[in-house]
């Protein structure tokens, strides 16, 4: 029998036999768990927070095409045996699961839920012992960011975002939502998700490492040529156009959130505020970068794919101004007033290619969102112009 980490109220916690089981998915959220279970009888075991600070084990089962059920695993404090809802008991969790599978006995009489196929962990669910943190890069919204070495049959350098152990359940769900979104995206100008480590704390998002750092830092530290600025602009448009086609509203497009690969190729990163929706309402607008917001976001607290196009225009201004802060000399409050009340637009920096300036001022910064073009058409125009200049 594996070692039991006991928890109160007869709830079972992780045992050694479960930790190594292929159907154990760690702290995968309910929404992700249900997405993994495709056919009736598919099941997995996961950790879940029953109440603040109390993490227990649960089994998720696909009961019908439309319905998944979730069952707590319990331990009898007298016999030290495991059971579901006061039914059959076994000495280990794996033996209990095997009994229900082989006898085809429902997990509970009321649900009728039978388990048939264990859902093995996906390749992108990474074991913590495969990751060795090397150097701290900085701090993110949820925790620290590191350069690390990932060993999965071959070593590679990766970037790892961590989640503080003391983070709230809501913060953990946001963290996992970011990973879930990134998992969908495969594009040369979008940072690639390699996987997540969620069996224990700290939770980790493992991504491709971009050794040349942020675009903002590169612009500030180096003398960047006009043709390279045009390339950055075109690559950013390519990545954002892909996200638009993927129905992703990024909400935080800025030079600080663009990373550079070893070949200095631009990649869109940081999906902490993103979502797959046509419209997002944010009633608070807390901790948002005011100087990058579209007028309708400032006034109506709404984000759409068209607000990302406005923000792309601000990113282009950053690129051609060598990483200067937008609306120089203005506070956030002054910026908001000038845009909303006075319909103010920044002048594009000296040296900006006229074609690029026309895209920004004539398309991206249209007051009426419906008059802003699509990112696909913006990228097409910029790509053709860049090709003519190479």
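Cβ coordinates are placed from backbone N, Cα and C, and glycine is handled just like the others.
Taken from Swiss-Prot, the feature domain 'SH2' covers 23-119, and the record attributes it to sequence analysis.
Summarising the annotation, Swiss-Prot assigns domain 'Protein kinase' to 131-386.
The ATP binding site feature in Swiss-Prot is assigned to 137, 138, 139, 140, 141, 142, 143, 144, 145, 161. The Cβ neighbour count for residue 139 (ATP binding site), using a 10 Å radius over every protein chain in view, is 11.
Sequence-distant neighbours of residue 252 (active site, proton acceptor) (same chain, 6+ residues apart, CB-CB distance under 8 A): 270, 272, 273, 274, 289, 292, 311. Among the features that Swiss-Prot reports, active site, proton acceptor is placed at 252.
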Residues of the domain 'SH2' (23-119) by DSSP state, where helix covers H, G and I: 18 helix, 33 strand, 46 coil
Intrachain C-beta neighbours of residue 137 (ATP binding site), sequence separation six or more, cut-off 8 angstroms: 145, 146, 147, 159
Least Cβ-crowded entry, counting other Cβ within 10 Å, from the binding-site residues listed as 141, 145: 141
